[in-house]
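Okay, here's the structure, questions in a sec.
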């Protein structure tokens, strides 16, 4: 079998990451379009209009996040030993098992267990594919590759909402297959992932950090075939080895290092990675993604049929808007996008509070306010995907030190999932019990993030992963170490560009 080389290898890794993120979107949107359907509710004997029914829906939907949390935490313990490829492989196999169990469920208990199993698989995948992509992608376009992953995530959400909508219409809407088929369809994306994993190598940075430098060199040669000279490739391996050796010299890599304020500020970097993942969920985005149908019905006051249609349109917009950061994230940077768009999200939720108050209290302007409230959901989702969504997945892998990247990324991803669980679980009863006040909570939380991001989140645009250590160096030792390295080798990727130009001239 011919080995993948050059762009074919890079694009294959990117495709694997994109499929992993598409599955996140697929599962995020899947239940939102099913839980209010006649067939699903009849199968599990749920009355969605009762308090017990709302709580049960919240549990069935959100328990998936507990599985994701377990999977991400497990990856933190075993992922560094398994490596990026085997971690993703294990998660993919477990997700296939979980999908089959969900599609064949006849009781609430089986569905809950199946959702947890599928979530564990997703936890493995979700905490590893951003690391793999970050360790393969060139620094100048790393953000774009992450944006591509997030576009596929949003495509997954959009696609599954329209699938749910299609199966929920017509004479077959009340039949069990109208929810079982959408559930099992995720295997269409899981099986190709197994094939791609068999074709791609382990990441050069993982191989180097585990003493397999010859293999790392060979992978980099495959990745950069006909792109740069062999001397430039060797310099890249030297650069990775240099950082790995320094981190090893300060005993970086143990669990305790995640909370140790060492010379490269591992503790601060770990807390930044965890906080940005937690903030993403506490802002309320998955209250919209999972329950847009419910929000359009119970908050805005639309009919069930029109709510289902609006949910599909909203998530189509979510996909379209995800292309905007492709042109921004590597040009204007991570911080400007975060600060501007999270501020807008806070403002939207504040306005939404007043609009929903008018609708729920049947004020004279309730119809106009209902239309405006629907528009606010579109603005909120657009702001999120432009400023927050891509950044939150590229940032932890960039911030974390090499030796702690897998563990730190896994724990930060676990923070994302546990906060996701909380938001998804409380949203149905919150909408039912406190109504418009739910949006006040999200407005306050989004407003709180802005000063924290401003003071504590540095810019990482255009930095090689090995250069981020210098950004966080607190004393002269690390600065001198990397400065000496740069004097000897120069900026590797800048030299590579020179090598490429020379090769083209020749």
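Just so it is clear, glycine is given a Cβ too, placed from its N, Cα and C backbone atoms.
Reproduced below are the annotations present in TrEMBL:
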- 7-26: transmembrane segment (TRANSMEM)
- 13-461: domain 'Major facilitator superfamily (MFS) profile' (DOMAIN)
- 56-79: transmembrane segment (TRANSMEM)
- 88-106: transmembrane segment (TRANSMEM)
- 112-132: transmembrane segment (TRANSMEM)
- 144-163: transmembrane segment (TRANSMEM)
- 183-200: transmembrane segment (TRANSMEM)
- 270-291: transmembrane segment (TRANSMEM)
- 306-329: transmembrane segment (TRANSMEM)
- 336-359: transmembrane segment (TRANSMEM)
- 371-396: transmembrane segment (TRANSMEM)
- 408-427: transmembrane segment (TRANSMEM)
- 439-457: transmembrane segment (TRANSMEM)
Apart from its near flanks, which chain residues at least 6 from the ends of the transmembrane segment (408-427) lie with a Cβ under 8 angstroms of it?
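For the transmembrane segment (408-427), the sequence-distant neighbours (Cβ-Cβ under 8 Å, at least 6 residues beyond its ends) are 58-59, 61-63, 65-66, 68-69, 72-73, 75-76, 79, 119, 123, 126-128, 130-131, 258, 269-270, 273-278, 280-282, 284, 286-287, 290-291, 294, 392, 396-397, 400-401, 438.
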Report, as numbers and ranges, which residues of the same chain sit near the transmembrane segment (371-396): CB under 8 Å and 6 or more residues beyond its ends.
21, 130, 134, 142-143, 146-147, 149-150, 153-154, 272-273, 276-277, 279-280, 283-285, 288, 292, 295-296, 299-300, 302, 310, 314, 317-318, 321-322, 324-325, 328-329, 334, 337-342, 344-345, 348-349, 351-352, 355-356, 359, 408-409, 412-413, 416, 457, 460
Cβ under 8 Å to the transmembrane segment (270-291), counting only same-chain residues 6 or more beyond its ends: which ones?
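Sequence-remote neighbours of the transmembrane segment (270-291) are 28-29, 31-32, 61, 157, 258-259, 314-315, 318, 342, 345, 349, 377, 380-381, 384, 388-389, 391-392, 395-396, 399-400, 404, 408-409, 411-413, 415-416, 419-420, 422-424, 427-428, 431, 438, 441-442, 445-446, 449, 452-453, 456-457.
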Considering only Cβ pairs under 8 Å, which range in 56-79, 144-163, 183-200, 336-359, 439-457 makes the most contacts with the transmembrane segment (112-132)?
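Comparing 56-79, 144-163, 183-200, 336-359, 439-457: 56-79 has the most Cβ pairs near the transmembrane segment (112-132).
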Over the domain 'Major facilitator superfamily (MFS) profile' (13-461), what is the model's mean pLDDT?
84
If I count Cβ-Cβ pairs under 8 A between the transmembrane segment (7-26) and each of 56-79, 144-163, 336-359, 439-457, which range comes out on top?
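Comparing 56-79, 144-163, 336-359, 439-457 against the transmembrane segment (7-26), the winner is 144-163.
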